[in-house]
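Student: Got a structure for you, written out below as structure tokens; questions coming shortly.
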Amino acid sequence: MEEEGQSSAPLLEEKQPQTAGCPGCAVDRRKAANPGIPYGSFIYVWIVTLCTALPISSLFPFLYFMIRDLNVAKRTEDIGFYAGFVGASFMFGRCLTSTAWGIAADRIGRKPVVMFGIFSVVVFNTLFGLSVNYWMAIATRFLLGALNGLLGPIKAYAIEVCRPEHESLALSLVSTAWGIGLIIGPALGGYLALPAENFPNIFSPDSFFGRFPYFLPCLCTSVFAVVVLISCIWMPETLHKHKVSENENQSIEALEAHLIDPKEKVEESGSLGTKKKSLFKNRPLMSSIIIYCIFSFHDMAYTEVFSLWAESDKKYGGLSLSSEDVGQVLAVTGASLLVYQLFLYPRINKVIGPINSSRIAAILCIPILFAYPYMTYLSEPGLSIVLNIASVIKNNLSVTIITGTFILQNNAVPQDQRGAANGLSMTGMSFFKAVAPAGAGIVFSWAQKRQHGFFFPGDQMVFFLLNVIELLGLILTFKPFLAVPEQYNRN
């Protein structure tokens, strides 16, 4: 009898022939010879995921002030409206290209796609910090998203560098680094934005950083990306690159056919006959992707709303915090994520599995979100204590859910489909995350104009709608909506 969280091997995993000169076979030999945790490879997983996550939300603490300074919003209440479209542009760009990057990772390898994505972070994240008008900000964020194909390939890479018993830790590292990046990024943005105002003894208003007040946090992220880019020169490739004969039809054309051909095909893989489905007809994969998209929509909307709400005036139902205050809260949350994901989540997953842990986390999120709008009535130091505790619990629960969906997705496909499957997942997720900031910004702006509404006045309406999305995601984790990969049905 196997527990839900104890999978003996990824679903449909195929034994690849040990071919000389194949980087994937070299990795397989290392895994066979060394049953322990591959710490060196996991470091690459960690830093690459962190690199792609940092620029995604680093702008949120200062976006409110950036839109104000770009003079595009005519009224204070309209700032959230314009901020939402800047936040959405990154995910819209990524939505258009994620599947293509996944297929590219299955064709040419994980490493080239990862390195190009990191290079795009260096260039376009830097240019965003130098934005002089609203449309430049949107354009640079769009290109940053469109050319950043990191997350899908690195999830496939995380599975491929370790043995099956370390799989939950590998994907936990991805979601940990991702979650910490989404927290540390805003923390950097909050601390380092507007340096001439926050650190007048170091930066004068007439200095370069005084004229470009939002460049410093972007520069720090880009410098980190340069370091990661250089280190990835020594990152091992994991994709199998055999010389394929006609009888060993493992070509990329077959892989692309899995993605676009609605008919199931039977192909010969090496000397073994392997039946493979179109990704769109793989119910365990598609149902887990749908759940992933719903919770990703919720998390992105929450991230956008949290900073806007915390920095808005108390007369509008906010907390009147500075960007530095918000950065401090997010830094504490990021530290808690590191501890939770490295030491607690693997044990939780082992005991109750990814599905039940996701369900419990979603249930616990609902009352926490319900309490947020009432924090406006608190004063210091109680406000800081309560806000930090709520942020820590909420973000750890969110990462629990996302990690569970990662595990389900990567167990639903064999290795030569993981890049495309994760690319498909990124496409769906990016679309939802593109809609989320724009929708959240519009709803937030509307809610601030109805402070005396009858039904959930002001920001209460924003958090009520976040709970509705959370409830929808929770419902989708149950049958018949969720089709569970085969090994999780063994009880």
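Glycine is treated like the rest: Cβ placed from N, Cα and C.
Since this is a predicted model, take the numbers as computed values, not measurements.
Got these off TrEMBL a minute ago, pasting:
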REGION    1-22  region 'Disordered'
TRANSMEM  39-67  transmembrane segment
DOMAIN    41-485  domain 'Major facilitator superfamily (MFS) profile'
TRANSMEM  79-101  transmembrane segment
TRANSMEM  113-132  transmembrane segment
TRANSMEM  170-194  transmembrane segment
TRANSMEM  214-235  transmembrane segment
TRANSMEM  285-309  transmembrane segment
TRANSMEM  329-348  transmembrane segment
TRANSMEM  360-379  transmembrane segment
TRANSMEM  385-408  transmembrane segment
TRANSMEM  429-448  transmembrane segment
TRANSMEM  460-482  transmembrane segment
Student: So, does the transmembrane segment (39-67) come close enough to the transmembrane segment (429-448) to give 3+ Cβ pairs below 8 Å, pairs being at least 6 apart in sequence?
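Tutor: Contact between the transmembrane segment (429-448) and the transmembrane segment (39-67): absent.
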Student: Other than its close neighbours in sequence, what residues sit by the transmembrane segment (113-132), given a CB gap under 8 Å and a spacing of at least six beyond its ends?
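Tutor: For the transmembrane segment (113-132), the far contacts come to 48, 51-52, 55, 59, 66, 70, 101, 104-105, 140-141, 143-144, 147-150, 153-154, 157, 212, 214-219, 221-222, 225-226, 228-229, 232, 235.
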Student: Counting only CB pairs under 8 A, let me know which of 170-194, 285-309, 360-379, 460-482 has the most with the transmembrane segment (39-67).
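Tutor: Per the Cβ under 8 Å count, 170-194.
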Student: Is it true that the transmembrane segment (460-482) and the transmembrane segment (79-101) have 3 or more Cβ pairs under 8 Å, skipping pairs fewer than 6 apart in sequence?
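Tutor: No, these stretches are not in contact.
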Student: Verify whether three or more Cβ pairs under 8 angstroms connect the transmembrane segment (214-235) with the transmembrane segment (385-408), leaving out any pair fewer than 6 apart in sequence.
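Tutor: No, the stretches stay apart by this measure.
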Student: Looking only at the domain 'Major facilitator superfamily (MFS) profile' (41-485), report the model's average pLDDT.
Tutor: 83
